[in-house]
Amino acid sequence: MEHSGPSEVTGADTAGPDPQLAVTMGFTGFGKKARTFDLEAMFEQTRRTAVERSRKTLEAREKEEEMNREKELRKQLEDIEPTPSSSSAVRERSKSSSRDTSSSDSDHSSGSSDDELIGPPLPPEMVGGPVNTVDEDILGPLPPPLCEEGEDDDDDDLEDEGEEDNPIHRIPDSHEITLKHGTKTVSALGLDPSGARLVTGGYDYDVKFWDFAGMDASFKAFRSLQPCECHQIKSLQYSNTGDMILVVSGSSQAKVIDRDGFEVMECIKGDQYIVDMANTKGHTAMLHTGSWHPKIKGEFMTCSNDATVRLWEVENPKKQKSVFKPRTMQGKKVIPTTCTYSRDGNLVAAACQNGSIQIWDRNLTVHPKFHYKQAHAPGTDTSCVAFSYDGNVLASRGGDDTLKLWDVRQFNKPLFSASDLPTLFPMTDCCFSPDDKLIVTGTSVQRGCGSGKLVFFERRTFQRVYEIHITDASVVRCLWHPKLNQIMVGTGNGLAKVYYDPNKSQRGAKLCVVKTQRKAKQAETLTQDYIITPHALPMFREPRQRSTRKQLEKDRLDPLKSHKPEPPVAGPGRGGRVGTHGGTLSSYIVKNIALDKTDDSNPREAILRHAKAAEDNPYWVSPAYSKTQPKTMFAQVESDDEESKNEPEWKKRKI
């Protein structure tokens with residue numbers, strides 16, 4: 001048997017693993033062969049790619065410079081009136097340029113040398129030839145008119161892009177619809193996440209449901225109820241899933257109802273005689289507002305006049321989940337007027353009556369994470385705090401007629417502040433636009449002193465960029481839905497307005513404005529047909545129609561038509577009616593039962609009337625005493641003193 005030397009490599013060794021070794025180790029192979037790389041080829045490919053990229057960049061830059069030079073030349077030609085000499089000069093210059101270019105390309109040189117000016121000169125806009133791309137540094141002839149039209153299109157595109165970048169053009173205010181809630185202030189607005197239903201609440205205790213898909217042009221609510229009886233509605237908000245609505249009223253107990261208005265749960269009322277509000281199971285004073293958690297289903301928050309902010313769960317209405325107690329810098333109680341969650345739900349923000357804004361971590365209820373004590377004027381009700389969609393900025397609407405913007409990451413001073421925004425209601429709203437570039441709030445006015453406005457501020461510069469005059473009443477609530485791109489406004493005269501743009505908005509009010517109002521069915525009535533016969537006899541002639549007033553006076557005299565009640569019966573009753581003893585049967589019976597049957601006659605005189613007849617004709621008593629006692633004897637009258645003397649000792653009164 002021959003064995004190969006150590007320097008020899010067999011084909012089996014190079015092709016794959018040893019079969020005997022594979023059988024011994026229990027596997028079929030050693031995997032894929034290691035990949036080899038040719039570094040020189042890779043380096044050459046990288047170099048070529050870099051050169052090609054640099055060449056393209058240089059060509060694009062040179063082409064842009066050439067276009068700029070052509071534009072300048074075209075402007076100069078437009079300013080100067082064309083003459084034959086000038087046209088010839090331009091033509092000669094273009095021809096000389098073509099000759100210079102022909103050094104690199106013979107075809108172009110032959111074509112340009114044959115091109116000569118024959119006849120009158122052409123207009124400046126038609127003078128030109130193909131752009132020479134061989135040498136970018138040489139100024140070529142004028143471009144054709146099609147290039148100018150393309151440049152105009154580019155300018156229009158740039159203008160359209162500028163309009164899209166301007167946030168004012170995104171405000172949907174071209175059209176509006178008005179929903180009649182009532183006659184009193186609309187103090188609460190809520191829109192579900194899908195934008196299908198709107199719910200409104202007001203000072204008239206009513207909560208009304210509006211379905212955009214089910215409404216027609218009459219704009220009528222499909223349901224109205226009073227969930228909190230005689231308490232004003234202060235806040236309405238749909239949950240993040242849209243199946244429940246949080247109702248906050250002037251009472252101390254918040255309620256949760258479903259989409260159809262049926263009650264799901266009611267928070268318990270706390271013990272108002274306990275000093276520490278953390279030991280009570282619920283609020284003990286009037287509520288201000290409430291808010292759903294943006295991430296956790298079934299969790300919501302309320303704030304009250306008992307100086308607490310409480311977190312609740314729908315599954316446990318008998319006790320709150322946690323309690324936040326706002327405090328002043330001196331540790332005293334302070335009433336929160338509004339509260340909200342951050343966009344991620346990790347922070348809880350509340351504004352208080354002393355002008356401070358306090359922000360807690362949701363899991364740490366003792367000390368606030370951020371506390372700014374002079375955010376607004378002390379003693380005023382801050383009506384709203386709202387987080388931006390990115391979660392970094394907080395907007396606050398103060399009762400001191402200001403709107404301020406805060407950075408949560410540096411909560412030591414306001415970023416911007418806007419004044420001269422009057423407010424008269426403790427629930428005036430402020431909100432961010434869906435693209436986070438605008439901030440919206442409403443203004444209040446006295447009755448008959450102007451119109452309420454919806455004011456838009458740019459977030460980056462905080463300049464007042466736009467205003468919408470709503471109505472001759474205060475603007476209380478405002479809501480900008482991100483999916484519908486529609487703005488809902490609640491006013492002080494009982495109206496809820498919806499602003500939209502057919503090109504920028506989706507669904508919502510667009511679904512109901514296209515539906516025609518249903519016509520009411522007229523009841524069919526049969527009227528008497530009058531036949532006018534002027535030559536008929538008077539006995540068959542029908543009486544003329546009198547005026548309504550005269551007909552009513554005539555009907556009044558008729559006891560049957562006027563339903564005149566029967567007069568009372570004088571004297572004894574007749575026809576089944578009781579007479580003078582009363583108008584009803586019960587009074588007659590009472591009078592007969594309570595009759596006074598006392599006899600006022602003297603009994604002695606009544607007996608003495610028969611004394612002479614008894615003496616002349618004795619029958620009963622006198623014959624019995626005629627023999628034994630013929631002479632009548634009467635008892636002697638004794639005084640009271642003698643009677644008392646004859647009494648025994650044990651009966652005498654002791655003095």
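In case you wondered, yes, glycine gets a Cβ from its N, Cα and C as well.
Segment annotation: Swiss-Prot labels region 'Disordered' over residues 1-24 (candidates 1-24, 433-456, 505-528). Looking at SER239, SER396, SER639, Swiss-Prot tags one of them with phosphoserine, and that residue is SER639.
For the compositional bias 'Basic and acidic residues' (45-78), the number of residues in each DSSP class (helix H, G, I; strand E, B; coil) is 34 helix, 0 strand, 0 coil. Taking DSSP states H, G and I as helix and E and B as strand, the repeat 'WD 3' (282-322) has 0 helix, 19 strand, 22 coil.
Residues near LYS297 (SUMO2 cross-link) in space but far in sequence (CB under 8 A, at least 6 apart, same chain), listed by position: SER239, ASN240, THR241.
Counting in whole angstrom, LYS591 (SUMO2 cross-link) lies 46 from SER622 (phosphoserine) by their C-alpha atoms. Over the repeat 'WD 3' (282-322) the predicted model carries a mean pLDDT of 94. Its Cβ placed at the centre, SER622 (phosphoserine) has 13 other Cβ atoms within 10 Å.
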